[in-house]
2 protein chains.
Amino acid sequence: MTGVKRKKKSAVCWKIYALRCEDIKLWCLRRFPILEWATNYNVKENLIPDAISGMMLAIQQVTQGLAFAVLSSVHPVFGLYGSLFPVIIYAIFGMGRHVATGTFALTSLISANAVERLVPLSSNNFTTSNNSGVLGLSEFEMKRIGVAAAVSFLGGIIQVTMFVLHLGSATFLLTEPVISAMTTGAATHVVTSQVKYLLGMKMPYISGPLGFFYIYAYIFENIKSVQLEALLLSLLSIVVLVLVKELNEKFKRIIKVILPIDLVLIIATSLACYYADMEYTYGLEVVGHIPEGMPPLKAPTMNVLSEVITEAFGVALVGYVASLALAKASAKKFRYSVDDNQEFLAHGLSNVIPSFFFCIPSAAAMGRTALLYSTGAKTQVACLISCIFILVVIYAMGPMLYWLPMCVLASIIVVGLKGMLMQFRDLKKYWNVDKIDWSIWVSTYVFTICFAANVGLLYGVVCTIMIMIFRFPRAETLILKNMKEAECKFKTEANCESLQQVKIVSVNNPLVFLNAKKFHADLIKIIQKDNASNQAYDDINKCEQNTLLNPLSNGSCHGESSVEPCPNERCAFILDCSGLTLFDYTGVSVLLQIYMDCKNQNINVLLAHCKASLIKAMQYSDNLGSENPIFFESVSSAVGAIQINRNFSKLNEHSEV
Amino acid sequence: MTGVKRKKKSAVCWKIYALRCEDIKLWCLRRFPILEWATNYNVKENLIPDAISGMMLAIQQVTQGLAFAVLSSVHPVFGLYGSLFPVIIYAIFGMGRHVATGTFALTSLISANAVERLVPLSSNNFTTSNNSGVLGLSEFEMKRIGVAAAVSFLGGIIQVTMFVLHLGSATFLLTEPVISAMTTGAATHVVTSQVKYLLGMKMPYISGPLGFFYIYAYIFENIKSVQLEALLLSLLSIVVLVLVKELNEKFKRIIKVILPIDLVLIIATSLACYYADMEYTYGLEVVGHIPEGMPPLKAPTMNVLSEVITEAFGVALVGYVASLALAKASAKKFRYSVDDNQEFLAHGLSNVIPSFFFCIPSAAAMGRTALLYSTGAKTQVACLISCIFILVVIYAMGPMLYWLPMCVLASIIVVGLKGMLMQFRDLKKYWNVDKIDWSIWVSTYVFTICFAANVGLLYGVVCTIMIMIFRFPRAETLILKNMKEAECKFKTEANCESLQQVKIVSVNNPLVFLNAKKFHADLIKIIQKDNASNQAYDDINKCEQNTLLNPLSNGSCHGESSVEPCPNERCAFILDCSGLTLFDYTGVSVLLQIYMDCKNQNINVLLAHCKASLIKAMQYSDNLGSENPIFFESVSSAVGAIQINRNFSKLNEHSEV
């Protein structure tokens with residue numbers, strides 16, 4: 001017997017163990033989405049499109065990496081690292097299969113704020129010979145990347161914290177109009193930040209509230225210092241880029257090859273710059289020395305963490321929001337699902353870990369993700385392949401980028417933002433669907449332009465919530481149409497005569513503090529109209545009814561002026577609470593108040609389809625009459641109860657007669 | 001003819017004029033509620049109860065005026081003025097007939113903050129002979145009242161601004177639990193501020209975050225400096241007050257006279273203090289010199305306005321909230337209505353105008369309002385009569401208050417706050433009705449205790465909104481029960497066979513960004529369950545149906561595994577949108593997405609009872625199929641449309657056969 005028992009016990013243990021293993025496996029699959037798609041990866045079908053996509057992506061990663069590193073006010077080489085490490089981390093933890101993480105314009109813009117504040121250009125009193133020994137970069141550059149990496153580190157920590165707090169479920173607060181307006185506004189900021197390169201102007205770093213307008217004011221004041229060579233080159237680059245991309249888009253189906261115009265432009269202009277020696281002849285700004293290879297691992301500057309907390313929050317939220325929107329869009333397009341919370345983890349880790357490798361804050365970029373779509377990438381393998389190419393650039397081709405003119409880089413960035421800026425077209429859609437969402441869009445855009453992306457985002461979310469709170473109390477709380485239908489239905493079923501005073505009203509809203517007042521007013525209105533119409537109707541057959549139904553009436557029928565709301569103890573009122581799925585204290589107290597008011601006016605209120613929690617909450621009050629039950633399982637049982645009540649009083653009447 | 005025309009014209013003019021007069025009259029009645037009740041005032045019936053109430057109120061106004069002026073850190077005499085002017089203004093503009101405005105503990109506590117910060121006790125380097133000439137008060141005292149009056153002035157301006165902005169309609173955000181917790185917390189603060197008088201201790205002014213705990217820490221550290229005489233007198237006063245008031249309450253019906261125990265206590269202790277010369281013998285703190293008469297009109301100290309803005313907001317909001325709660329309660333009790341916005345005007349003006357008469361911030365107090373109830377006051381005439389008595393005190397009896405011991409005054413205040421402190425009992429009610437509202441109460445109370453009343457109020461409102469926002473998406477969005485009922489109903493009406501695939505679902509919630517995701521998930525679940533059950537059901541009569549209904553089917557019936565969600569072009573789905581009274585962009589886009597998804601899966605979605613604005617918003621999208629109408633006036637017409645469609649395809653089928 002004991003042997004059997006032991007066997008049974010071990011079997012149970014085994015089951016528990018197996019269960020645990022299953023759990024751990026499921027947990028791993030949930031937290032490491034790479035395990036899910038990598039194990040099912042179809043090498044034959046997917047490797048070739050992924051490899052092509054990866055190559056195209058690498059080109060964009062390199063150009064954007066350089067450009068966004070400059071935008072972050074750090075040395076361009078750090079943009080290359082930023083295009084490598086976050087991509088690997090996101091491929092492991094991220095759920096978006098077509099999401100290309102890496103350097104991102106908006107987060108770069110935010111972290112530039114911290115860099116310029118804590119390590120301003122004026123503090124560069126080191127000579128170029130004063131190198132820190134790391135890749136031959138000056139100490140000034142190392143200080144700057146230290147701050148940018150600190151922003152990335154803290155931003156990532158914030159994102160991971162939000163993952164732990166399950167704040168991914170709060171993303172429903174970020175509505176499409178707000179995200180669209182914020183990203184459009186931020187893209188406008190990025191374009192503004194590139195204007196100085198496009199015009200070849202030397203300009204101080206301007207930021208802060210209304211900095212947007214100060215930048216343009218500065219440009220118009222110093223319009224004479226525009227470098228014509230740079231301006232011409234920028235215009236040429238922009239025209240070429242836009243044209244070729246448009247043509248690519250148009251003839252995509254016919255030629256099936258996408259011309260990597262970015263790469264062509266970079267090579268062409270770099271060569272032109274080198275052979276014409278534009279850097280010295282025209283004084284054209286170029287990218288400059290890019291060191292080869294990678295620096296050893298180093299922690300970000302931790303003692304500035306407390307000073308970059310605003311920027312870290314900005315990076316964490318703006319980066320997450322923009323990336324999530326892209327992940328959701330690609331999930332919708334290619335029919336897979338994305339978990340809001342897991343994305344917090346993925347982006348958090350791809351900010352925290354790379355910050356030890358001299359990386360600037362990262363996020364998914366719209367341009368690159370669109371590229372993955374159009375080049376037919378299937379999985380994150382495309383991104384991983386792009387990493388190999390970027391490694392090649394870092395170790396071998398970096399120095400060749402020396403002669404790339406900054407204005408060409410700026411042109412590439414500006415053209416890359418086309419998609420975001422085109423969101424202006426959404427305005428028409430919002431105007432047609434909901435004017436209020438339209439005004440939220442416009443005001444969020446204005447806030448983003450005047451202040452910053454994170455301020456705009458905060459404003460948009462708060463504004464959306466506030467507007468909803470003030471719209472909510474105005475919504476109708478009761479279905480009148482359903483009432484009529486239900487009434488009609490029951491008329492045919494039961495005794496028509498005695499049921500015309502029973503009104504059935506459906507509650508079709510949550511009953512909370514926001515709309516409790518409106519609910520009260522609506523219901524009182526219905527009750528009053530009800531009584532008024534009853535009285536009008538009653539005038540015809542009042543006589544008959546009085547003798548039939550009213551046990552208190554003396555049978556006489558001489559025009560009694562009924563001032564009392566319901567004189568004959570025969571009004572009843574059924575509230576169908578099946579729609580009342582959410583309530584709070586204010587809601588319950590309004591419901592109780594209505595019940596008491598009606599009781600004082602001789603109107604019976606019966607509640608049907610109440611949830612158990614609602615019944616419990618209402619029964620707590622001592623005022624509820626215990627003589628008659630008021631909660632019913634369904635409308636028909638409530639009608640039945642009224643019926644029985646009436647028959648009983650009729651019976652009494654008859655027996656008296 | 002022209003004469004007739006002229007006559008007609010003049011008649012029209014007269015009508016317009018009359019209409020305007022009527023408008024002006026209505027406007028006056030709305031803005032000056034005194035015109036409404038004063039013209040109908042029944043002198044015979046109401047004057048005597050009002051006069052008695054007024055006398056009793058005057059006693060309380062005087063004691064509370066002195067006490068709350070001390071609480072405001074200004075000279076006691078200003079409390080007497082504060083019991084006079086605001087009362088007159090409120091009587092003209094206020095709608096609450098039983099609301100006794102005047103000095104108020106919570107607003108006094110807030111304005112004390114500004115007074116102690118801007119004119120600290122240490123700045124009193126004037127000798128007492130250095131009088132400002134106004135009523136023989138020192139310049140120090142005049143500076144202090146200047147600041148308090150400035151807080152009152154700015155607070156009133158804020159209230160009037162809120163009236164202009166119609167923010168009275170935003171009071172639904174102030175839920176009962178929040179108001180209850182905030183007032184209880186503030187009452188706890190007031191009691192704490194009186195402890196030093198009750199114990200007869202000298203103590204510095206302590207405020208700021210956690211000041212509440214520092215005060216008790218200070219008291220326990222200096223417990224030895226407690227003045228035993230003061231402590232005994234306080235205990236005696238409190239016991240007498242509580243006992244007599246309890247007895248009064250108990251035997252109110254029998255003896256019908258309320259013993260003005262406050263007055264008796266004041267007279268008795270003042271006399272005792274005078275004859276025993278306690279001020280010098282025991283060092284007992286007394287009220288001291290109170291000047292006779294009234295000072296000339298003087299503007300508050302305007303140059304400190306920018307420095308008291310926080311306190312002004314606190315006074316404006318806390319005062320308004322507490323007063324409104326009282327006004328609403330009395331309106332409910334005596335069946336008249338109170339306009340939230342008009343109350344903003346009334347309280348605003350009773351802060352602005354009296355601030356020129358050396359008044360501290362005012363509001364309605366619970367204790368005094370309860371007194372008006374219990375003494376049977378009918379209208380604001382009671383309050384106006386109390387003003388006459390207060391005038392007498394100001395001009396004749398002020399100096400007699402010299403010997404009133406401070407500890408007695410403190411006892412009266414503490415006992416007066418009993419009602420507010422008793423709100424702790426509400427906790428049980430909230431626990432039973434809604435646990436979340438219970439926790440809002442507790443956390444708001446803790447915030448009020450740790451910080452201040454205005455911080456607590458802000459926290460409570462924000463917390464209520466946030467919690468609602470996170471509760472909202474969890475509420476059910478669709479009525480399933482109604483679906484079944486409606487289905488059943490139509491089954492009996494129409495051809496049973498062809499209608500079993502038609503599902504009717506009611507939307508019973510607003511469809512906004514908060515719950516759009518949940519709505520989508522709910523609906524998809526219903527559709528899938530629907531299909532699954534259909535498939536199970538279909539297995540029996542699939543054969544017959546296929547041949548009958550599906551024009552594409554080849555008539556064969558050999559177990560096709562239906563992976564496709566709806567293979568036979570016969571699924572339909574009616575969404576009853578009568579409950580959908582509120583929507584935004586996110587809601588509409590979810591609805592459109594569902595429509596598109598269903599269309600791709602061969603499911604027809606028909607919308608019934610849509611509002612015109614919803615139809616317009618949905619039609620904007622180009623994706624809506626124009627081949628079939630999808631909007632119907634009612635559920636039955638939608639069912640009819642499906643019916644016709646099917647008969648048509650049946651007919652096709654038959655004719656083919």
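Placement of Cβ uses the backbone N, Cα and C atoms for every residue, glycine included.
Residues or ranges marked as transmembrane segment by TrEMBL: B:65-93, B:145-165, B:203-220, B:226-245, B:257-277, B:308-327, B:348-367, B:379-396, B:403-424, B:444-470. Marked as domain 'STAS' by TrEMBL: B:492-642.
The stretches the transmembrane segment (B:65-93) and the transmembrane segment (B:379-396) are in mutual contact, each linked to the other by at least three Cβ pairs under 8 Å (pairs 6 or more apart in sequence). If you look at the transmembrane segment (B:308-327), the same-chain residues 6 or more away from its ends with a CB under 8 A from one of its CBs are 94-96, 99, 101, 104, 106-107, 110-111, 113-114, 118, 147, 150-152, 154-159, 162, 171, 174, 179, 182-183, 186, 338, 340, 343-344, 347-348, 351, 361-364, 366, 369, 452-454, 457.
Residues 197-201, 259, 261-262, 265, 269, 278, 282-285, 405-408, 410-412, 414-415, 418 of the same chain sit 6 or more residues outside the transmembrane segment (B:226-245) yet have a Cβ under 8 Å from a Cβ within it.
Most Cβ pairs under 8 A with the transmembrane segment (B:145-165) among the ranges B:203-220, B:257-277, B:348-367, B:403-424, B:444-470 are made by B:348-367. Contact between the transmembrane segment (B:348-367) and the transmembrane segment (B:403-424) is present: at least three CB pairs lie under 8 Å, with pairs separated by 6 or more positions in sequence. Taking every listed stretch (B:203-220, B:403-424, B:444-470) in turn, the largest tally of C-beta pairs under 8 A with the transmembrane segment (B:257-277) is reached by B:403-424.
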